[in-house]
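Asker: Below you'll find the structure I mean.
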Amino acid sequence: MVPPSSSMDPSPPPSWFTPKRLLIIFCVINMINYVDRGAIASNGVNGSSETCDDKGICKSGSGIQGEFDLTNFQDGLLSSAFMVGLLVASPIFASLAKSYNPFRLIGVGLSVWTLSVAGCASAFSFWFIAICRMLVGVGEASFISLAAPFIDDNAPVSQKTAWLAMFYMCIPTGIAVGYVYGGYVGGHFHWRYAFWGEALLMLPFAVFGFLVKPLQLKGFSPVESKKALASVETVSSVTDVADSKASKLDGRMLVGGDGIIGDKLSKTSKSESIHNILNQLSRFAKDMKVLLVDKVYVVNVFGYIAYNFVIGAYSYWGPKAGYNIYHMKSADMLFGGVTIVCGILGTISGGFILDRMGATISNAFILLSGATFLGAISCFSAFCLRSLYGFIVLFAVGELLVFATQAPVNYVCLHCVRPSLRPLSMAISTVSIHIFGDVPSSPLVGILQDHINNWRDTALILTSILFLAAGIWFIGVFLHAVDKSNDGSQPVSTPRITSRKPLLDGNVDESLCEV
C-alpha cells in the first residue's frame, strides 16, 4: 500500500519556531560569517610584515603577516583558500539536502566553521592557517546554500524580497563590523583573540542546529518518507519484471524464492541509480548549453566577474592600502564605516531606482553600466588625491554607486532565463564571479604590489578594471533582451508512484506486501 499524500507532507514546525525568530537567527549567523571575513582583512588581525629603512633600522611586523613572515602573495592566498573551500563545498551541501535534513546540514556546517576558526586562533604555521581558512569556507557553504530558501519559505508573501534583503544586508554590514572588530581586538590585545571571539559567538548556533527539532524545506520530503517511497518504487519495478516473465510462461509460477526477489531488488536498484545519474548529467549538460549560448546571460556574468575582481581585492587590501597611502591611524575604522553606510544605502538605492525606471533587462544594463562607470571615476579620482578628506568623500561616493549594482545584476540573472533554469543561472553566476573574480584577485594584487611596491599605483591599476566592467555591461544595452521569467514552460515534474498489479494475483508474498 502506498501511504496517502498527507503523510508525505513536512512535519509541523517545532514550538520554538516563528518566522521572525528564524530571520533574526539567520541574520545573526550571516553577520558573524562576514565579521570573520572583515576581521582577517583588518590591519589589527592581518597586520604587516617587517620593514627596514635605509639606515638598517627595522620595525617588527604585526598580526598574521608579521608573525608568520608572509609575503603579500602568501597573505592573499589566505583569502583565496577560504573561497576555494566555499565554492567546492556549496554544490556538495546542496546535493546532500536531498538525502539529509537541510537544517541538520546547517548545524554540521556551523560546527565545522566553529572548529576551523578556533584552529585559526591556534595556528602555528602559514600552511596550517591556510588549511583552516579553507575549512572555514567549507563550513560557511552549508549556511550560504540553504539559509536563503528557509527564509523564502517562511517569509510573508508580501515581504519575501524585503526579508531576503535584510538577510543579504548583513554582508556589507558584517564586513564593516569585522574591520572595526579586528582592528580593535588586534590592536589592543592579540590577533588570535579575534578568532577565539568569533568561535565563541558561533558555538551556540552550531549546537542549536543539532538540538532543536529540524525544520523542513518546501520541495524536500522528509528523509523517512523518501526512504519508504524508494522501497515501494523498487518493489513495484520488480513486480513489473516478474509480471512480464510470468505472462510469457503461460502463467506458471517461476518466482518463488526470497533469494530471487532479493537479487532482482539489488539489480533493479543499481540500474535505476545509474540511469538517474546519467539523466541528471544529460539534463545538466543541456541546461549549461542553453546558458552559454544566451548572449544576455554571458555578457551579464562577464561584467559581474570584472566587477567582483575589484570588489574582492578592495575588501581584502583596502584597509592596508589606505593605511600606507594616507598613513591612517584608524584605517580599519574608516573603511568599516564607509563600507557599512555605502553598502546599505547603495544596495537599497539600486533596487529602488530600477523599480522607478521600470524593471526590464535593458534598463538593468543601463543602470549597471552607468553606476559602475561613475563609481569607477569617483574611486579612481579618490586614489589620485593627496588629501585624506578628499579621498574619503570621493571614495564614499564611488562605493555608493558601485554597491547600487547588486539588485540589477541579479535581476538580469533571474529574468534572462526561463523559470526552470533560474537556480542553475544563479549557481553558475556565483561560481564564476568567485573562481574568476575575487579568488584570484587578492593574490594577484599582492604580486603586483610586491613588484611595484607602491600602494597608490596598485590601487589605481585595480580600480581601472571597473571601467572594463562598465564597458561589458554597456554592451548588454544593445542586445535583444526578452524577459523569460513568465514563460509558460512546464516545470520538471517528479515521477509519481502509480498502482501496480500484484506479482501473482491472489498469491502475493506477505513480506512483499509489508514492504
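Using the three backbone atoms N, Cα and C, a Cβ is placed for every residue, glycine included.
Straight out of TrEMBL:
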| type | residues | note |
| --- | --- | --- |
| DOMAIN | 22-482 | domain 'Major facilitator superfamily (MFS) profile' |
| TRANSMEM | 77-96 | transmembrane segment |
| TRANSMEM | 103-128 | transmembrane segment |
| TRANSMEM | 163-181 | transmembrane segment |
| TRANSMEM | 193-212 | transmembrane segment |
| TRANSMEM | 296-317 | transmembrane segment |
| TRANSMEM | 333-354 | transmembrane segment |
| TRANSMEM | 361-383 | transmembrane segment |
| TRANSMEM | 389-409 | transmembrane segment |
| TRANSMEM | 421-439 | transmembrane segment |
| TRANSMEM | 459-482 | transmembrane segment |
Asker: Could you tell me what the rest of the chain brings near the transmembrane segment (296-317), counting residues at least six beyond its ends with Cβ under 8 Å?
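Answerer: That would be 37-38, 41, 76, 79, 175, 339, 361, 365, 368, 372, 402, 405, 409, 412-413, 416-417, 425, 428-429, 432-434, 436-442, 444-446, 449, 458, 462-463, 465-466, 468-470, 472-473, 475-476, 479, 481.
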Asker: So are the transmembrane segment (389-409) and the transmembrane segment (421-439) touching or not, going by 3+ C-beta pairs under 8 A with a sequence gap of 6 or more?
Answerer: no
Asker: When only pairs 6 or more apart in sequence are counted, do the transmembrane segment (333-354) and the transmembrane segment (361-383) reach 3 or more Cβ pairs under 8 Å?
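Answerer: Yes, the transmembrane segment (333-354) and the transmembrane segment (361-383) are in contact.
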Asker: Taking a Cβ cut-off under 8 Å, which residues six or more beyond the ends of the transmembrane segment (459-482) line up next to it in the same chain?
Answerer: 295-296, 299-300, 302-304, 306-307, 309-310, 313-314, 317, 321, 325, 360-362, 365-366, 368-370, 372-373, 375-376, 379-380, 383-384, 402, 412, 416, 441, 445, 448
Asker: Taking residues 6+ outside the transmembrane segment (77-96), which of them lie with a CB under 8 Å of any CB in it?
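Answerer: Contacts with the transmembrane segment (77-96): 37, 40-41, 64, 105, 109, 129-131, 133-138, 140-142, 144-146, 312, 316, 427, 430-431, 434-435, 438-440, 442-443.
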